[in-house]
Amino acid sequence: CAGFPLSIFFIIINEFCERFSYYGMRAVLVLYFKYFLHWDDNLATAIYHTFVALCYLTPILGAIIADSWLGKFKTIVSLSIVYTIGQAVLSVGSINDLSDHNRDGSPDNVALHIALSMIGLILIALGTGGIKPCVSAFGGDQFEEDQEEQRSTFFSLFYLSINAGSLISTIVTPNLRATECGIHTKQRCYPLAFGVPAILMAVALIVFVVGSRMYKKVKPQGNIMLQVCKCIGFAIKNRFRHRSKEFPKREHWLDWASEKYDKRLIAQTKMVLKVLFLYIPLPMFWALFDQQGSRWTLQATATNGDFGIPVQPDQMQIVNPILIVIMVPVVDSFIYPLIKKCKINFTPLKKMTVGMFLASMAFVAAALLQVQIDKTYPVFPAAGQTQIRLMNLGSVPATVQFQPQLQSVDVAPKEVVNYMVFKTSELQSLNVTSGSQHETESLEGLLEGKRYTFAFQGFGTDIVSNWLFDNVTSKPEEGKNLIRFINSYGSIANVTLDGEAVGLLPPLNASNYITISGGNQKHIIKSVMSLSSCTVSSKKFGFGSAYTISINDCTQGTLNITYFEDIPPNSVHMAWQIPQYFLLTCAEVVFSVTGLEFSYSQAPSNMKSVLQAGWLLTVAVGNIIVLIVAGSSKLSKQWAEYVLFAALLFVVCIIFAIMATFYTYVDPNEIEAQFDEQEKKDKKDQDYREKEGEADSKM
């Protein structure tokens, strides 16, 4: 088809569906851990990065199976089946109704859901990692030697399908997660968010198998990685055997493998090890880079995602692929040529050093943003403390005196004095004075570490009051809002919200908190009081807020209400994450793209798979670093952890820059040409000796 083997279109469609499946599932994974399995941020982050690390360790296994045993086609099919089963198991494990026997909205057997989720993720890691090194290479096998141009176009289309699958799935699956579904109770729809990627993976498998008869299937020819490992192992073992001083030293320790392995393999292994040595500092870059899907997504949950339409926290990850599409041509077409015109020798290793520095600065930006987010968090009482808020629901100013002579506060009508902190042991009573009315309330029953609202109102000659226990101990999760109603009217109020009953509220009594979705939508509040029915449209509550709404009275069918802010909404906009995404994407462009280019330019033609395995291994180790830090960190502030990672990468950046100055660039083709020339010469000498031997025998 247009000069291309028809089989490659099945491979490209397969890759698009597989990448949609993987990135779609991964986009919502950390929020699934936090909000469905109810793990804390550190455990959710640690398990997330354990999974990603496993996804980058298994490609080595996949490559060995394909090259030494099954071949690429059978490996892709076999592991894709494992992959599809894993996605299905994960989707089933996220079904709330699977163990919610009492129908209270929470799983009764969390261990069952955790077990199914972990089994699913292990199977997914084996599948996605195992086929990773096989699919692109299998696509390359479909072309003949004289189709170099078509092969190059294929790899461009292949890379495009990866980014298209990633971009589309990162938009779609968070929206699926944000919808509500369930048989008995409505919950965030994780089964759908995981189920759609599972279906796409099944489609990927079917499409790949359908093209089976069209594929050019190359038989397994042995894995070069195993040969390299055996060569290194023999050299170490042989050197250890001949460690005595009586054996002369050799120019390089790998030369001790010359008794068993030919000089070409030893020379190629030397070149590979030289590059792999430079890989040692690289995991630190990936430790920061892959936190886009964990720490940065969790950071986004504490921001305001109103972009005109609500943007889910896990959708912010699309900024990276969008910026990649923009930045790669900009950097290649404008930045690099400009640097070249300035006569700056911007070598690949210098580019990678700059990439590390930019990633470090991205985490400095993340830390600065986190400081601003932390300022918006409410401060809850510590041990030995009690917080009290005063709410005057009457129409007359009041003065509240805390005894014994602790504090005197004036409270305006229909106003609230925000939470004041007291030592619980010092609280005895409070006196309320409103006009000519007085009341004394005992405070000895208040508990330490708790928040209370003292609501009061003058009725006739008396002051009526009520203590409200404010049982909200953190900002609402997932950007949702909490609202409750208090009746400041003189008779019972029957309150409904969006047609759903809230309850019958006697005067100065409050309802329980009700969870509503975050965003800019309004809600209809209705109250029936003294045979009159009144409605009003609420304000926009934003994301992550809690409000107490006072039901005051009714004017010509319109309900009069007053809003009291219990917890302020998220005020830092999600768009403030864009600078850190921009810096990290720039870092990726000059680090990752250049790193692969450098590795391939410094490796012999038959050793590129070894360096690819080494490169993927640095990603795995980087994720292991994150899970170690997340699991053992004693830092109480998230911004401090960001600064720690930024500082670590900056130090590693300096070390890498020093290592790079001592690296000498080589031309593998030139070295291999020398070996080819030497082999031709040796063959001529051998042929000449054989002819001489034949001549001597005839004489």
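Cβ coordinates come from backbone N, Cα and C, glycine included.
Only residues 6 or more beyond the boundaries of the transmembrane segment (43-64), in the same chain, are considered here, and those with a CB under 8 A from a CB of the stretch are 26, 29-30, 33-34, 37, 75, 79, 121-122, 124-126, 128-134, 223, 225-226, 290-291, 293-295, 298, 609, 613, 616-617, 619-621, 623-624, 626-627, 630-631. The annotation transmembrane segment is assigned in TrEMBL to 43-64 (among others).
The transmembrane segment annotation in TrEMBL covers 76-95 (among others).
Feature annotation from TrEMBL assigns transmembrane segment to 110-131 (among others). Long-range contacts of the transmembrane segment (110-131) within the same chain, counting only residues at least 6 positions beyond its ends with a Cβ under 8 Å from a Cβ of the stretch, are 18, 22, 25, 32, 36-38, 51, 54-59, 61-62, 65, 75-76, 79-80, 82-94, 98-99.
Per TrEMBL, the feature transmembrane segment maps to 152-172 (among others). Taking Cβ pairs closer than 8 Å, the transmembrane segment (152-172) reaches residues 4, 8, 11-13, 15-21, 23-24, 27, 136, 139-140, 142-143, 196-197, 200, 314-315, 317-318, 321-322, 324-325 in its own chain, all 6 or more past its ends.
TrEMBL lists 192-211 (among others) with the feature transmembrane segment.
According to TrEMBL, the feature transmembrane segment maps to 271-289 (among others). Sequence-distant contacts of the transmembrane segment (271-289), counting only residues of its own chain at least 6 positions beyond either end whose CB sits under 8 Å from a CB of the stretch, comprise 228, 232, 254, 349, 355-356, 359-360, 362-363, 584, 587-588, 591, 595, 598-599, 602-604, 607, 610-611, 614-615, 617-619, 621-626, 629, 645-646, 648-649, 652, 655-656, 659-660, 663, 666, 668, 671.
The transmembrane segment feature in TrEMBL is assigned to 318-339 (among others).
Per TrEMBL, the feature transmembrane segment maps to 351-371 (among others).
Summarising the annotation, TrEMBL assigns transmembrane segment to 610-630 (among others).
Here TrEMBL flags 642-666 (among others) as transmembrane segment.
According to TrEMBL, the feature region 'Disordered' maps to 676-699.
Residues annotated as compositional bias 'Basic and acidic residues' in TrEMBL: 677-699.
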Sequence-remote contacts (6 or more beyond its ends) of the transmembrane segment (76-95), Cβ cut-off under 8 Å?
18, 21, 25, 32, 36, 62, 66, 70, 112-117, 119-128, 130-131, 134-135, 138, 190-191, 193-195, 197-198, 201-202, 204-205, 208-209
